[in-house]
Amino acid sequence: AGFGAGLGLALASSAFIGGSFVLKKKGLLRLCGRGRARAGQGGHAYLREWLWWAGLLCMGVGEAANFAAYAFAPATLVTPLGALSVLVSAVLSSIFLNEQLNVHGKIGCILSILGSTVMVIHAPQEEEVSSLESMAEKLKDPGFIVFAVCVLVSSLLLIFVAGPRYGQSNVLVYVLVCSAIGSLSVSCVKGLGIALKELFSGKPVLKEPLGWVLLVCLVICISIQINYLNKALDIFNTSVVTPIYYVLFTTAVMMCSAILFKEWQHMVLDNIIGSISGFLTIVSGIFLLHAFRDMPFTPNLLPLFLQPGRADPHPPWSSADRHQSCQHQPLLPSEDKGSQSAEEEE
């Protein structure tokens, strides 16, 4: 029951978040039609547009559902399913915003759905964590402590050493910071979800210091993620940053969850292969959806026999040429043949 609730919340989160982008864009386009100052030019007229507020409300509902999903389902399942929000946004944009969804995008959507289905079927089962006390024991595990220290040290090196040197030219620098810190933020979200479940059941969770520590750590991690993700988006193209960030962030979360909650410890080989295959299929779909989003794919690029309205590139021979063998075709064009005969006469 808990797994089903987490799966349903994750799917609902993707639907709400994907729809929120379309509602916000629709509201901004309505403002452009009225001649008001655009948001990219510093205008704030969108605050008086109800469609924009509807999109913001959908975004809040989606994030809340995503937050609650971590309390019921493994993070290895919830995080990759976030890719479905990109799929929902792309499909709704093609319907309501008349944005072009080319063949690559459609194939990417299909691959994302197939990969998500495979991951749901082979989803790992994490060890039961039902209280803050058990969560505290998990956080004291030596493997997780080593992982957290490695994440913090590598993030500091990326921020203060690699950032000033390569941050403006290499997209991986700031995206790696967001992904590494994001893996710790998901662990904080998981712990806070358990705390909320205990709070609703009547336990005195507010007196537990661990809940407040997780909340402070979550705020710090999210602030760092937003800061460096905005830097990456400001320097590089969105179609480059988004798929790379999704792949690195999901990989980091899967590693952190495997260490903290021992999700892969009791899995059989076919489930491990299925989970990895589903994740790689989602990655391929997101790549096709983003990398070729602005590339026009017209029917002229198709093979000739697939192009609508085109004549057969190899028409049947006429009756006069039907019995003529290819061996009797002239080896030289008529002009070359005439010049050759003239030379022979000379």
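Yeah, the Cβs are placed from backbone N, Cα and C, and that goes for glycine too.
Positions annotated as transmembrane segment by TrEMBL: 6-23, 50-72, 78-97, 104-123, 143-164, 171-195, 210-228, 240-260, 272-292. Here TrEMBL flags 312-346 as region 'Disordered'.
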Cβ-based contact of the transmembrane segment (50-72) with the transmembrane segment (171-195), 3 or more pairs under 8 Å: yes
Contact between the transmembrane segment (78-97) and the transmembrane segment (6-23) (at least 3 Cβ pairs under 8 Å, separation 6+): yes
Cβ-based contact of the transmembrane segment (171-195) with the transmembrane segment (143-164), 3 or more pairs under 8 Å: yes
